[in-house]
Amino acid sequence: MRQGFRQSMAWLHAWSGLVVGWVLFSVFVTGTASYYRAEISQWMRPELVAGATDPASSADLAAAYLQKAMPDAVGWYVELPKPEKPAVGVMWWKSLDGPFHQALLDSTSGAPVGARDTRGGDFLYRFHFELGMPPLWGRWIVGTCALVMLVALVSGIVTHRRIFADFFTFRRRRSQRGWLDAHNVFGVLALPFHLMITYTGLVTLAPMYMPWGVAAAYKGGEMRFYVDSGLMPDLRGPAGKPGTLAPLSSMIAQAIAERGEAPEGVSVYNPADAAASVVAIFEEPHGLAHEHPQIAFDGTTGAVLGRNGATRAAAKTSTVMLGLHEGHFAGAALRALFFLCGIMGAATVATGLVLWAVARAPKGAKADGFGVRLVRVLNLGTIAGLPAGIAAYFLANRLLPLDLAARADWEVGVFFGAWALVAVLGAVRPAGTVWREGLALVGALFLAVPFVGAIATGLHPLAGELRFLGFDAAMIVLGVLFVLAARKAGRPRPPQAQRADAAIAGREALRA
Amino acid sequence: MTAIVVALNLALCFAGLSALALSLDRHHRDAFLVRAGAARARTLRIAGWAGIGLSFAAAVTLEGWNFGSVQWVGTLTGAALLVVAFLSYRPGWLRPAALLALPIALVALPLALYG
């Protein structure tokens, strides 16, 4: 039986953290990378060079392309070009259940751009909440894990008996004590972030996890809920008669005149119908909330149909939480801090997983039990495997032939392949050296990215190409950190650390 | 000028958190090889909370309640991580670094106000 509240919380913390830890590590790492999703996409499409663009005329080019691509589509989305992202993104679909087709168009010719076929930063972003699985499956799994993460956070706070006295304490020993200190430092110093990001992440997908309130009130007309709460303008259904779409450029010009800025995108509903609607969607105005102002137009006449209303308290709360989660409002400095906090989240999970295995390692010469060995293998497979996959994904972007069929899928295949390879190596290599080998491999892969990129594309600072300095610097920093970690993992453990472990083994509360 | 305000917040939080860390016997010993006396520990504690309070006041005044508080929490985490890194790798440098942060804050404040 557990003796007290704190012991039972320690047990809950250790086991809840373990079962979801590997998924959470992946969610934290890819989510943190997504703070730089646009920069990653830019690096992965080096052919696109920033330049002046005209959103209105490029929208007409996009419409011409879309009318040819699928004359009977029920919906289009046109992502208008910006100086830093000069191509026009288009998406079209025949049914809201998919499939969703997409293409990237040149903003002056309207033809598909010559950029390499890649999913760019969007792949990491979607992996963050779908894990590369069918969307519904992935979202349910990530949501369940996030819920357990909240349990682990709260039980961890209860378990940690000296939060303030040990606030700054990090004894750099490769012992159970050292791992516990690291886990505490990463967890406690960024605790506000961890609580915020986990909770707001759940709120982001709350309408999917808990649809019953809206379903009961709106009975099949759930879209109406989004109109009533001010998140969408009121849209009309199709008339069932064919119609001709007016030029999008005229509607975009009206939208620019009304709000003083170009919209970031345009949605078109039932483009070939007499009751087509066009919605201009603007960037979030300065503020924490994730709320896009929208103007709806009659697609055939170009007259304004309506706008989305103002959000009230409940909807506002939800959009502010979504905004906090995404951090779109953050400038460069604050975004770097969010990134740091995200890394600390991943590090909290990773050190917690390692600590679980270290605390349960058999003392003396006894062999590991099956459970501890399984956890060890999964730890290495995730903590070294996922970063290896990301580095390999970047390398594949530069190395795969440009005319390869389904090239974007190959890149994703390389991501999973490299991850699986590291995980398998981790399972078969001797336990004594496997961390050093795994981490050194990850470091080498990250260090290779800028050089392989420079050689494969001929774009590098010496050739006057300065666009990728930030990305390349980030790769080198990551590579160096992994190499340092590998060196540290390779050093033999000093005897005093082993003695210290033996001394605390008896009174370690984390051991359930 | 959000970046300047972030720098100001970081400097004030770092100085404040360093003082708070040094008010604890263990870290005082790491940095100065002796325990902090009761009076010194109290002074450090007061200075530490003052630095953190000032940083919060600056963030909220310059950036408003919503942005300011979000940004302040972020800088608090960043500064705390820096303090831990100093204590763990170069404990003797913590006091000079914290003292250096003060003039940085003094330069950043007018820039943030009038820049």
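Just so you know, glycine gets a Cβ as well, placed from its N, Cα and C.
Residues or ranges marked as transmembrane segment by TrEMBL: A:12-36, A:137-158, A:179-202, A:332-356, A:377-396, A:408-428, A:440-462, A:468-486.
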Ranked first among A:137-158, A:332-356, A:377-396, A:440-462, A:468-486 for CB pairs under 8 angstroms with the transmembrane segment (A:179-202): A:332-356
Long-range neighbours of the transmembrane segment (A:408-428), counting only residues six or more past its ends (CB under 8 A): 117-119, 123, 132, 377-378, 380-382, 384-386, 388-393, 395-397, 400, 434, 437-438, 441-442, 445
Beyond the flanks of the transmembrane segment (A:440-462) by at least 6 residues, Cβ under 8 Å: 43, 46, 384, 387-388, 391-392, 394-395, 398-399, 418, 422, 468-469, 471-472, 475-476, 478-483, 485-486
Stretch with greatest number of CB pairs under 8 Å, the transmembrane segment (A:137-158) reference, A:12-36, A:332-356, A:377-396, A:468-486 candidates: A:12-36
Cβ-Cβ under 8 Å with the transmembrane segment (A:12-36): same-chain residues at least 6 beyond its ends: 121, 124-125, 127-129, 131, 141-142, 144-146, 148-149, 151-152, 155-156, 158-159, 197, 201, 327, 335, 338-339, 342-343, 345-346, 349-350, 352-353, 356, 375, 378-379, 382-383, 386-387, 390, 474, 510, 512
